[in-house]
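According to Swiss-Prot:
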TRANSMEM  3-23  transmembrane segment
TRANSMEM  68-88  transmembrane segment
TRANSMEM  100-120  transmembrane segment
TRANSMEM  146-166  transmembrane segment
TRANSMEM  171-191  transmembrane segment
TRANSMEM  213-233  transmembrane segment
TRANSMEM  253-273  transmembrane segment
TRANSMEM  285-305  transmembrane segment
Amino acid sequence: MSMANLLLLIVPILIAMAFLMLTERKILGYMQLRKGPNVVGPYGLLQPFADAMKLFTKEPLKPSTSTITLYITAPTLALTIALLLWTPLPMPNPLVNLNLGLLFILATSSLAVYSILWSGWASNSNYALIGALRAVAQTISYEVTLAIILLSTLLMNGSFNLSTLIMTQEHLWLLLPTWPLAMMWFISTLAETNRTPFDLAEGESELVSGFNIEYAAGPLALFFMAEYMNIIMMNTLTTMIFLGTTYNAHSPELYTVCFITKTLLLTSLFLWIRTAYPRFRYDQLMHLLWKNFLPLTLALLMWYISMPTTISSIPPQT
């Protein structure tokens, strides 16, 4: 793995993340009958870079009562994990070809909980701590359904390797035979990334800004960068699992174009949901998971396990 390969992966992700922030502000603006950012550069296209310059040149203030080490480590860890999640994704070739790529993504995304918990605790603020506890409970809860849904799709894929998902979906998207799982997966990714209508961790009316309330300047920017990278990564993963694109060695650029288009459409749906839906109550959020999603996903998992046995066949051993 050369440095050039690493840069060719990281730089486009950072650019995509910057323009996702701008796109969200534009969509929010137009949905509220206003223009959104339109001053810096043509049509406001340079706004993300202006924001980055402003945030990274400001003085990073630290509360005098905070635990400095964890306070600084938390945003850095959040961004590192957000970037690390991209390494096994085949687009069409992965940076690191892991046999257990899906397991790596699931395990690494669980580590993001620590950055949220540390930031809430180290800030020494009640608002930040309550926001962090909410975010951690929500993230851990929804990872249960994400893991079960992944296991169900892996039974049809026959491997933990993400590259084999491309071969599995050559003739049929997994979205069609597993559409209930796909719907629950998409809603769970909204909760996993703390997006509306599941953004209880940063409820402005009761918690001001949630776990990052005491952060300013560069560290705050790192949290936002990690959040938007996770959104793109989750939609990329959704595209791979349920909307697989057939790879043709003679025209690899066609795979990339189709892949990016599907990911962009799913990301736009994330933003559209933010503009259209109000926030859930916290008890409704937890009931949706433990009383609805968990029994449903377990029942469907049993169905996908028993079905090959019933029809006397086995999943493809790729």
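Any Cβ shown, glycine's included, is placed from N, Cα and C.
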Cβ pairs under 8 Å between the transmembrane segment (213-233) and the transmembrane segment (100-120), at least three: yes
Non-local residues, at least 6 beyond the ends, that sit with Cβ under 8 Å of the transmembrane segment (285-305): 137-138, 141-142, 144-145, 148-149, 151-152, 155-156, 178, 180-181, 184, 187-188, 191, 198, 200
Same-chain residue ranges lying at least 6 outside the transmembrane segment (68-88) that approach it to Cβ under 8 Å: 9-10, 13, 62, 94-98, 101, 104-105, 108-109, 111-112, 114-116, 118-119, 121-123, 162, 214-215, 219-220, 222-223, 225-226, 229-230, 233
Cβ-Cβ under 8 Å with the transmembrane segment (3-23): same-chain residues at least 6 beyond its ends: 37, 44-45, 47-49, 51-52, 83, 86-87, 95, 224-225, 228-229, 231-232, 267-268, 271
Chain residues in Cβ proximity to the transmembrane segment (171-191) (below 8 Å; excluding those fewer than six residues from its ends, i.e. six or more beyond): 138-139, 141-142, 145-146, 149, 152-153, 156-157, 165, 197-198, 234-235, 237-238, 241-244, 266, 270, 273, 285, 288-289, 293, 296-297, 300, 304
